[in-house]
Amino acid sequence: MTEKDSNVEESVLEVEQASQVELDSEQISPAEKESVLAEEKEFSTDVDIPEMTAPDDEKSAFFEQWKARHQAYLAHKDEADIQAVDEGQTEQEIPEAKKSKRVLFQGIERKTESLKSKKETGEKVQTLKVDIPSKVVWKAIPVLVTSLLLAALALYFISPTSKKKQIEVVGNERLTAEQVENYSLISPDDYNVTIALHADAYAKNIKKNSSSVETATIKFQFPATFTIHIKEYAIIGYIQQQSQWYPVLSSGEIGGEPISQDSLPEDYTTINLSDKELIKELAIELGKIDAGIRSAIQTINLPPSKVTADLLTFNMRDGNTVLVPLSEISQKVSYYTKIAAEVTVPTTIDMEVGIYRYAS
């Protein structure tokens, strides 16, 4: 063997050793390592080095030609492998026989490409994070607040809480709280918001449905309490109709519900009048005087009189008698307390023309 032949063998050994070093440096499985070594061995052993019997100069020329062609062939294969990797071909698409030792570095190249693609993707995501202008945010706040309020109202009206209520009645003397509530026409199915917004209308229902109520107001306390304040007309006396007693209110109206004699109060005033217009006028006039004087009247009669058609006779509980025209009750009867304190025997106090008294 010549010196050039030994150099060829040494170059082949160096290639194999380089391949072995690359395999050891890569973290691949033993099976893959054996496969790559077999391929390179096949490439290295498939090329037979011809034995030459020609002179040394001819052998050197032939060897140089063979070496140049072999290096060109290897360079061509390397370029083909690199192009296949760039075009995204997988290892399965490349025949096992055409793989070279450069396949060992494709994993590193792919990892590098993956890192580059992730970096580019991250940069794209960062570029998409655009700051929203403050003007847009301030314009969106009213819309969001309105939407939230509407949603809250919708949930409130759907829930049973919107109809759950507590009703209290204040100022009632003869009427019960249940009666006042029924007169208001407030229904359990009515929304609390509806009652609060139309409180005046419900209060008018009480006055309309009950002649005993003088004033009525409804006040709302959060969250669901309604207080009904009423003032009842004073009862100035009672009239008897067909063995039934009816209260006469200070408004001039006659109560609609009859009362038995056993249910009458101890100090009640009996009104012996039949004309409804006179009864109404009498009730209005008596409603203007002091309640103490009004409670001191036992009976009210209308005796016939040629001089004064509306002259009334008041029989007082202390035994005195008062004569007074119906149209002047609120003006003259207020003096009765002072006059009654001055007499010691039953006395008739005549207020028809002026005011004077004489013993009964």
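Placement of Cβ uses the backbone N, Cα and C atoms for every residue, glycine included.
According to Swiss-Prot, the features are:
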type     : residues : note
REGION   : 1-54     : region 'Disordered'
TOPO_DOM : 1-139    : topological domain 'Cytoplasmic'
TRANSMEM : 140-160  : transmembrane segment
TOPO_DOM : 161-360  : topological domain 'Extracellular'
DOMAIN   : 162-233  : domain 'POTRA'
Tell me the residue counts in helix, strand and coil for the domain 'POTRA' (162-233), as DSSP assigns them.
26 helix, 22 strand, 24 coil
Average the per-residue pLDDT over the domain 'POTRA' (162-233) and send me the rounded value.
93
